[in-house]
Amino acid sequence: MDLLNEAEAALCPANEPIAEVPNGGAGHYLLGLVYRYTDRRTNAVHHFKQALSLDPLLWTAYEELCILGAAEEAAAVFGEGAAICIQKQYLHHTFASHNSHVSEEDRNLTSSRNLVSAEEVSPRQLKQLSGNNVREVPGSCQGMTTSVRGAGQPPNGVYHLSLYNTPSPIATQFSAAAPPPLCRNLQPNGSNTSTAAADSSPRSTINSTIQAPRRKFVDEGKLRKISGRLFSDSGPRRSTRLAAEAGANAGTNAASVAGNGTNNSSKYLGSSKLSSAAFRSVTVRKVPNWANENFDEGMRNEVFDDCRSNIVSGAGALPSVDNKALDQEGATMPCSGVLLNNSKVLTGTAEILSLLRLFGEGYRLSCMYRCQDALEVYSKLPHKHYNTGWVLSQVGKAYFELVDYLEADRAFSLARRVSPYSLEGMDVYSTVLYHLKEGMKLSYLARELISTDRLAPQSWCAIGNCYSLQKDHETALKNFQRAVQLDSKFAYAHTLCAHEYVALEEFENGIRSYQSALRIDSRHYNAWYGLGMVYLRQEKFEFAEHHFRTACRINPSSSIIMSYLGTALHALKRNSEALEMMERAILADRKNPLPMYQKAKILESLESFDEALEVLEELKEYAPRESSVYALMGMIYKRLNMNDKAMLHFGLALDLKPSATDVATIKAAMEKLHLPDELAEDS
């Protein structure tokens, strides 16, 4: 909602200056975002680092530090200290879980002593005791309700995953027998469920139904008539098919376990919450024989999971498992309904941190614009991790910064193939296609992104680049403004708006848009570079130098920025510094013709004609169809009074179809070649 002051007040109340930030690492991360968006970089960096110290697996905090240019090496952040922190948190939470389960069991045992047996409870009493968080278990229950152990289960039992108690339609019958009375099998809090394979007794059964909302019972005969009328004319329903499959597999399937939702006693593995779908392996515990008999008679447990349900198979119907099987792999800890071995936690932690070190170091180097180093780090990733949408998008961005647009196009195309609905880096991909002048591919990409998410700024950036390629700058500007409207903190959209303003020669609006981008991200070097270009065109060379130099500090490997910085220095008559900067730009990218051309112009202004011609002859090999190269050579030959060579190079320049301004300049120089020297000098 962009209410940053209110957000800060909620996290750090003014009347409690020394109060602890709520929710640990996540709270510090949110506070860091508030400080970042309000241009308090030092405080933002502090809280992002604090978030990582509390939660070493909070990747987004490390991402923000990389964006701010304040991230440490990934090996230090995701190293041995992080592993120790994760292990301590795991042990702490599992120990707390163990104590809570034991205390819950004691409370259940105490309360069960005051309850009557199931035989003493009439249907009318059951009607008053029926629960809200319960479900119906059809089968031959013969008037007895089934108890399921939940959060109060002893530690040596199975801690089952929780599930949402989703209502289901009235189930059809297993056989010709009438539907049984409805069975209530959940505890009042409804936070944990299990199957009918848990230890049960009539006394504990009644305990599960106390303090529940009222629910009406239907007579067995009426229920059979109702269900017959409801389903007599229709095909077999899903519940019937599931019942048939359950009956067919009754000899091999032991128990079904489903988990969904958030458990009130869920724990952390390290500092990351175990979701209900994270682990599905459970151990079957010993059950009494009455469950076997009821299962053979047709009783089934409908435990649903919106993701999947796992079935633990055994040799027969609900086989007994020796408790020694629980100790085969050493001591275990109950954690969010799953028995985890400590050695597995150590192994998993090491694997996760080793991956995060590679991801983090590659991302950090990319944000520092050491793109070649970042590509080398990403290449060390395993094949299955490298060929993911996020990594391939980062690889494409790195090639884009290296001005290798063909490789960037290839990487982004692979990313689209792997993750066709991901928008990560698609704004940059559209700019890559813009530079390659791939109008058809850019138009197709824009249409695909809009069909995926028309409320994403990346989609509208792609459309804007498509119109900008067609020189329709006004329509392009409207699309970039739409991107800004959808996400005002999307810095690149502000920069693209500014580019269009400059193309329309609305320099003041362009400057404001560049400044808006810098307020969001002070390290967004594209905006610094854009401001430098505006001031260079306005011949404000001191301002231009300042902005180019700032952009160069952020991205020290950009040959283009160094070239324009040298141009600004040359305009300020600081030719020695300008030549030094051009040499650095040439070394940064040999394929970039701009710094070599600018160096030749500086040498020509210093009347070092021979050196300038040497540079231009070398440049012709890299840019053989660049008209400005031949035009400059013609100018130098003209000043050397080598009119034949000057005319030859002017003619070559015109053949390469230069811009209208360059055509006028070249033709004027050619006319002067036919005039006497005195008239040429006067003109």
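Cβ atoms here come from the backbone N, Cα and C positions, even for glycine.
TrEMBL lists region 'Disordered' for one of the ranges 152-181, 182-211, namely 182-211.
Per-residue confidence over the repeat 'TPR' (627-660) averages 90 (mean pLDDT, predicted model). Under DSSP, the residues of the repeat 'TPR' (457-490) split into helix, strand and coil as follows: 27 helix, 0 strand, 7 coil. DSSP labels the residues of the repeat 'TPR' (25-58) in these numbers: 27 helix, 0 strand, 7 coil.
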